[in-house]
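Copied over from Swiss-Prot, here are the features:
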SIGNAL    1-21  signal peptide
DISULFID  Cys68-Cys308  disulfide bond
CARBOHYD  Asn74  N-linked glycosylation site
ACT_SITE  Ser182  active site, nucleophile
ACT_SITE  Asp240  active site
CARBOHYD  Asn265  N-linked glycosylation site
ACT_SITE  His292  active site
Amino acid sequence: MACFRVILYLSVIFFVQCVFAAPKGITKVAPENHNFFGRITSYAHPKDVPDPVPMYQQFAALAQQSNCHNYHINISVGDATLLYSWGDNDRNQRLQLFHSKSLGIVASWAGMNPTKINSILGAADVFLVDVDRRYFPHAEKGAKLYKGFQDAYKRVAPTFIKELQYYQELYNEDRVSLTGLSYGAALANIALLHVKKNLKRGSIYRTVAFGLPRVGNQEWANSIDKHADGKFFYVANGNDLVVRAPPRELGYQHPSGQIWINPSNSSKWKFYPGQENVHGANSEFGYSIPDHTGVYFRTEIASLWGHCPATVGKD
């Protein structure tokens, strides 16, 4: 049954994307937003990334580090120190908290563990369900989330918020940042609204998610845009399959904030304003798993097979 669910999920993604895939070379500029089955599509021109590259490199290293099985508290990753770790990276995705000189208290979630069945099943539980208003009371009316990701976040949420508040006080730190790869990127996306509601001090400095799958519907994407205050970014590397899944045709929608590295693993990256920008990753039809666990801002994020401890800007 478990294998059937995974196979069915991948088959649906492939079929729908083949039928509806966007052509290459889209040049339309206006209007800025266009309806796609009632959902927003941006035609805004790409821009330079809005922050210094070293910031994204530090985020990438911390996104990689939470995937490492062998680690110890107080390990250094760039300008950050590991403070806390939770989860078995099977039923519960590993969460790690760092104190970074440049980013504040950083929460990083590991990506899907392909060697553990519960981690795979959580990622395959693809149905859209209503947001749990106990955690997300400020989400837009009608907001829905990917069931497996919402369930995974709810398991960690009480511990996460408690430890986050503790380390903010311990380090007298007002900045909070969120990151992760793949499944972990989805949890960083979901955490944004919950963290913002529960902060006792400070604010969310940045959220940078790598290899982010679509996590919710149009109303959830709108909620991220509204509450992120322009500080949410997700990075697509080349023809990464995961960033293109689940398909929009199933009701899913990315929020604003895409940074696309194209070609994959290169030093060519641009920021694509608005939701589902046609000039960004949606303009290419392709499915690459190697691009998913690749090099982001000259920093490898390769899950279990990457640098452990993670390195910053050395790839």
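Each Cβ is built from the backbone N, Cα and C atoms, and glycine gets one as well.
Note that the structure is predicted; figures quoted are calculated from it, not measured.
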List of residues, in chain order, with Cβ under 8 A from that of Cys308 (disulfide bond) and at least 6 apart: Gln64, Gln65, Asn67, Cys68, His69, Asn70, Tyr71
Message: Taking the Cβ of each of the recorded positions and counting other Cβ atoms inside 10 Å, which one has the highest number: Asn74, Ser182, Asn265?
response: Ser182
- prompt: Whose Cβ, among the recorded positions Cys68, Asp240, His292, has more other Cβ atoms within 10 Å than any of the rest?
  reply: Asp240
Task: Could you check what DSSP calls Asn265 (N-linked glycosylation site) once collapsed to helix, strand or coil?
output: coil
Cα distance (Å, whole number) from His292 (active site) to Asn74 (N-linked glycosylation site): 28
Query: To the nearest whole angstrom, what is the C-alpha distance linking Asp240 (active site) and His292 (active site)?
result: 5
- request: Could you round the CA separation between His292 (active site) and Ser182 (active site, nucleophile) to a whole angstrom and send it over?
  value: 8
Query: Looking only at DSSP and grouping its letters into three states, which state does His292 (active site) belong to?
result: helix
Statement: Integer Å value for the Cα distance linking Asn265 (N-linked glycosylation site) with Ser182 (active site, nucleophile) is 16
